[in-house]
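Below is one structure; the comments refer to it alone.
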Amino acid sequence: MRIAIAGGGLGGLTLARVLHRHGIEAVVYEREPSRSARSQGGTLDLHPESGQRALAEAGLTGGFRSRARPEGEEHRIVDPAGRTLVHHTPQPGSFAGRPEIDRSALRDLLLDSLPGDAVAWRHRLVAATPRPGGGWELTFDGGHTSDCDVLVGADGARSVVRSLLTDAATSYVATFAELTISDVDRRHPDVAELVGPGNLWCVGVNQILAAQRIGDGSVRVGISLRAEDRPLDTFRSKGALLDLFGGWDRSLTALIEAGDDTVTPRRIEAMPVGARWSGRPGITLIGDAAHLMPPVGEGANQAMLDAAELGRALAADAADPDAAIRAYEEAMFARIHPIADMSARAQAMMLSPTAAADVTRFFSARP
Ligand SMILES: Cc1cc2nc3c(=O)[nH]c(=O)nc-3n(C[C@H](O)[C@H](O)[C@H](O)COP(=O)(O)OP(=O)(O)OC[C@H]3O[C@@H](n4cnc5c(N)ncnc54)[C@H](O)[C@@H]3O)c2cc1C
């Protein structure tokens, strides 16, 4: 069984690792030229029942614990006047909750666990066509081709593989603009103290200003707005972002002022809740390719769990990969639909006129 995985993000790499542990070889085709070609972004909290479970399946719990930052689980929610609404401090050194890990550290952990030739870099999949005898012919940017018996689309939000299974379209659900404050302890100690070792969320009317401590000594600042509020192009400078937060406490707008100059705005998209497809031989999807959701803390966790469950199913039924794929897909749809529904509702709640009260109630109720 020759397995091709399109996309070397957290889902694709976790799948390759789980298969490799079961003695099944898989090639990951990744469009980026190398592991360091692009910054991987901020940090993730890995949930015990999904992201951490997948890492256990991958035999990487020890590696995760040595790279994670359990203190990063600390979070504080404040209102636009800077008043604290919720402050959660984890038990020092405890891995019982949802410890944070930098995305780059997690991706390196997965890459280092694979044989050197498991990832074919600079391979952007542009098309996959069924072969007459079964399996798929893959065409990459530049014209070179390859083939496989089973194709797994782990190619993220704008998946190319998705269209071979479903015509479900994504919709624009929010705007997100990001800034980095590098070397924060030395250059902006007040900001460092405000953010603390974990996450800070400043919740206003229809908008959120958030900040997150990263293990490399920087802070990432993210601004979330409703999709319908303003065109994406209006968020390309710090001045334009500051205009959105007139009247907010200056200790909070300092998060924007302290940012290094580049502002990266992007569209946040989601697939319809309940999206599914009828199975097709030799092909399936995991992660954002399968179920792109608003970013409220589940996407990477579920992508990794998809990978662990698909890898286990393929290993258990290597003689009949289509039966393994069917079993994986049914279980995945049943697991994901309530999570996608919750994510859509959480996203709407966080960007609403009553967000401060709703978010406070939500976090106060959480154990
Ligand atoms: C602002 C923001 C904050 C988030 N915060 C969290 C969080 O706190 N917790 C959480 O669990 N999730 C979070 N998420 C969601 C999470 O990032 C995604 O759900 C997760 O990365 C999905 O993993 P994936 O492997 O499916 O896709 P990706 O991580 O997107 O990986 C896809 C890979 O495929 C490659 N690729 C794409 N197209 C092709 C192609 N045609 N050929 C070859 N390679 C290709 C890409 O280069 C990439 O490496 C957040 C998302 C956003 C946008």
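Each residue, glycine too, has its Cβ placed from N, Cα and C.
Curation does not apply to TrEMBL; its annotations are automatic.
The domain 'FAD-binding' annotation in TrEMBL covers 3-195 (among others).
Look at TrEMBL and you will find R38 tagged as NADPH binding site. Long-range Cβ proximity for R38 (NADPH binding site), meaning a same-chain Cβ under 8 A and a gap of 6 or more residues, is found for E32. The DSSP secondary structure for R38 (NADPH binding site) is coil.
According to its DSSP assignment, R103 (FAD binding site) is helical. The feature FAD binding site is assigned by TrEMBL to D45, R103, D288.
Counting only same-chain residues 6+ beyond the ends of the region 'Disordered' (63-99), those with a CB under 8 A from a CB of the stretch are 43, 45-48, 52, 55, 105-106, 109, 113, 196-204, 213, 215, 245, 247-249, 251-252, 356, 359-360, 363-364. What TrEMBL lists as region 'Disordered' is 63-99.
Residues annotated as compositional bias 'Basic and acidic residues' in TrEMBL: 68-78.
Taken from TrEMBL, the feature domain 'FAD-binding' covers 283-319 (among others). Packing against the domain 'FAD-binding' (283-319) from elsewhere in the chain are residues 1, 3, 7, 9-15, 17-19, 22, 24, 44-47, 50-51, 53-55, 57-58, 103, 128, 136, 150-157, 159, 161-162, 164-165, 170, 173-174, 176, 268-271, 275, 325, 327-329, 331-332, 335-336, 339-340, 342-344, 346-347, 350: each is 6 or more residues past its ends and has a CB under 8 Å from a CB in it.
Classification of D288 (FAD binding site) by DSSP places it within a helix. Within 10 Å of the C-beta atom of R103 (FAD binding site) sit 17 other C-beta atoms, taking all shown protein chains into account. DSSP assigns D45 (FAD binding site) to a strand segment in the three-state reduction.
Model confidence over the domain 'FAD-binding' (3-195) stands at 95, taken as the mean pLDDT rounded to a whole number. Of all the binding-site residues listed (D45, D288), D288 sits in the most crowded Cβ setting, with the most other Cβ atoms within 10 Å.
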